[in-house]
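Chemist: Quick one: structure below, then a few questions.
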Amino acid sequence: MNKQVHKAYITLMVLIIIAVTAYLSYVGYTYYMTPLEERFYHPQHKWFKPSGIYGHGLGIVGTLLILFGVVIYIARKRYNFLSKLIRLKYLLEFHIFLCTLGPILVLFHTAFKFGGIVSIAFWSMVAVVLSGVVGRFIYIQIPRTLEGRELTLNEVKGLKTDLATTIHEEIEVDDQTKQLILNISNAEKPSSSDVRKLKRELKRKNFPKEDRHYILKLVKDDMSLSRKIGRLLLMQKLFKYWHVAHLPFALIMLVIVVIHVAVTLAFGYKWIF
């Protein structure tokens, strides 16, 4: 999927989450704003309460979305399920979408009433969602192949090329400009001010606009790769520690959801659909 399609893909998922949240808030606003002790007398209490058709349905659909999002992502990551059809990066984004939308539905299923074992499940769910956002940030900092495999440090270093030579072979540059490019490429922490300086220098020497854009793109790509190399080991360590937070909370949530469903069935509640 190209950049435009990918942008539309992300935008659509974000809009769905916003629209669903806005709709659920609007439809049940009067009920959710009613004090807990007075909700029994609300005209739509039987509809919006957690065991009502609407509330119960939200809980079921939300739980199924979460389970599907988790299962399909694990199947792709661990067992290469659908590996020929969709890249891991895109499936991770879909996983995040489902595991954000699902908890929102579950939140409205509770009618914002938390207590007992359900409160543990809810806060575990919140921890899973928040840690998932952090994990996504760490994930995108680690260079990967097109298939989503994490690159090793040596593989990342192998991606770096002799920037000045590459540019010199394709565009005729003077020694001063070449040295400036080398200084940026070899700097431990190249900055945006270095790029601006190079941009002014290229403009001053009347390089064609296309050549200027090409050189600056190569320099920025090289800087980005240098930064990724610099923080690769740190991000790999953080990603391992991240699993320590994300997975246990997910398991706690899953176990309590199973207990919650078992208890509701034991009390005589049935599948509404």
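Note that Cβ sites are derived from N, Cα and C of the backbone, with glycine treated the same way.
Here the structure is a predicted model, which means the values were calculated and not measured.
Positions annotated as transmembrane segment by TrEMBL: 12-33, 53-76, 88-108, 114-139, 241-269.
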Chemist: Checking distant contacts: for the transmembrane segment (88-108), what same-chain residues at least six beyond its ends satisfy Cβ-Cβ under 8 A?
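Modeler: Residues 1, 6, 9-10, 13, 16-17, 20-21, 24, 28, 32, 55, 58-59, 61-66, 68-70, 72-73, 76-77, 82, 122, 125-126, 128-129, 132-133, 136, 139, 144, 147-148 contact the transmembrane segment (88-108) from elsewhere in the chain.
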Chemist: Apart from its near flanks, which chain residues at least 6 from the ends of the transmembrane segment (53-76) lie with a Cβ under 8 angstroms of it?
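Modeler: Result: 24, 28, 47, 82-83, 86, 88, 91-92, 94-99, 101-106, 108-111, 250, 257, 269, 271-273.
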Chemist: Can you work out which residues elsewhere in the same chain, 6+ from the ends of the transmembrane segment (12-33), have a Cβ less than 8 Å from its Cβ atoms?
Modeler: 39, 42, 44-45, 48, 54, 58, 93-94, 97, 100-101, 104-105, 108, 111-112
